[in-house]
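What TrEMBL records for ASN35, TRP36, LYS37, GLY193, SER232, GLY253, GLY254 is substrate binding site. Residues annotated as active site, electrophile in TrEMBL: HIS119. Here TrEMBL flags GLU187 as active site, proton acceptor. Taken from TrEMBL, the feature phosphoserine applies to SER232.
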Amino acid sequence: MMDQAIKSYIEQMVRDALGQSVTSPSARTNYAIANWKMNKTFSEMAVYLQELKSKEGVSVVICPPSQLLYPAGLMAKQQGSTVSIGAQNVHEADKGAYTGEVSASMLKDIGCAYVIIGHSERRQYFNENDQQVNQKIKQAIKEGLTPIICIGETIEQKNSGQTEKVLTTQLVGALQDIDSDFILAYEPVWAIGTGESATAEQAQSTHAYIRKVLTALLGGRAEGISILYGGSVNDKNAAEFSQMPDIDGVLVGGASLNAESFEKIIAVFAKGDM
Ligand SMILES: O=C(CO)COP(=O)(O)O
């Protein structure tokens with residue numbers, strides 16, 4: 001538990017930061033990240049990677065299930081693709097007796113560059129808490145992986161006006177003693193897999209709030225952090241999100257499983273193509 005005095009101090013910093021305008025979208029990297037979750041076989045992955053064309057001006061990351069991490073990386077390399085590979089989870093320990101788990105150094109060893117940490121499905125089904133998320137981020141950074149840190153509120157939290165409080169708590173918990181770069185993904189739990197995405201305006205206003213919290217926590221470094229939106233993004237609504245100054249890309253579940261759909265989403269976030 002966070003000390004109450006520290007919490008009040010941070011809350012004051014957030015309030016102070018709310019007065020500042022801090023956005024500078026052109027300086028940040030745009031990302032289109034595919035979270036395949038527990039989907040796709042080896043042959044499905046091979047067909048997909050053959051079909052998928054990446055674009056200049058946007059960093060594309062595919063996060064397949066763990067058995068496909070190595071072959072997907074190999075295949076992308078053989079094809080001369082600029083697509084990077086990311087894992088969907090990592091364990092917080094260096095190594096040891098943790099049956100079924102994978103460490104950050106193992107992910108690095110097989111060519112992963114990114115790792116999703118703190119996805120709401122991990123928090124919900126595997127009881128991951130902010131402290132574990134923080135430890136996983138530290139492990140990832142130690143091994144040179146870029147963490148894709150997920151935060152988001154549930155429908156109950158949203159309806160009871162808790163969104164900002166929940167996001168602030170998740171950010172403060174996740175970012176304790178983190179001084180390396182990361183990617184942040186705002187994924188409202190109520191929008192994941194429901195077909196009901198946040199509107200682009202809703203997402204923009206939450207992203208602007210998140211950036212102000214990041215500014216309070218990290219100072220000017222917050223300017224360079226890419227904040228992605230996730231939750232029922234598809235090839236129809238992606239363009240609206242891309243117009244928003246604080247939305248620097250998307251983390252896509254369902255619509256990323258089809259190479260053609262994901263390619264359309266990638267194109268939307270390619271800087272210079274908009
Ligand atoms: O959880 C998500 C990405 O991490 C979003 O999933 P959907 O795009 O299927 O809503």
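Cβ coordinates come from backbone N, Cα and C, glycine included.
Look at the binding-site residues GLY193, GLY253, GLY254 and count other Cβ atoms within 10 Å of each Cβ; GLY193 has the fewest. DSSP assigns GLY254 (substrate binding site) to a helix in the three-state reduction. LYS37 (substrate binding site) sits 14 Å from the residue listed as 'active site, proton acceptor', taking the CA atoms of both as reference points.
Those residues of the chain, other than ASN35, TRP36, LYS37, GLY193, SER232, GLY253, GLY254, with a C-beta within 8 angstroms of the mean position of the substrate site C-beta atoms are ILE192, VAL252, ALA255, SER256, LEU257. Ligand 1 lies under 6 Å from the Cβ of the following binding-site residues, listed in sequence order from TRP36, LYS37, GLY193, GLY253: GLY193, GLY253. Close to TRP36 (substrate binding site) in the fold, though at least 6 residues off in sequence, lie ILE62, CYS63, PRO64, PRO65, GLN88, GLY253, SER256, LEU257, each with a CB less than 8 Å from its CB. Taking the Cβ of LYS37 (substrate binding site) as centre and 10 Å as the limit, one finds 19 other Cβ atoms among all the protein chains shown. For HIS119 (active site, electrophile), the same-chain residues 6+ apart in sequence whose C-beta sits under 8 angstroms from its C-beta are ASN35, GLN88, ASN89, CYS150, GLU187.
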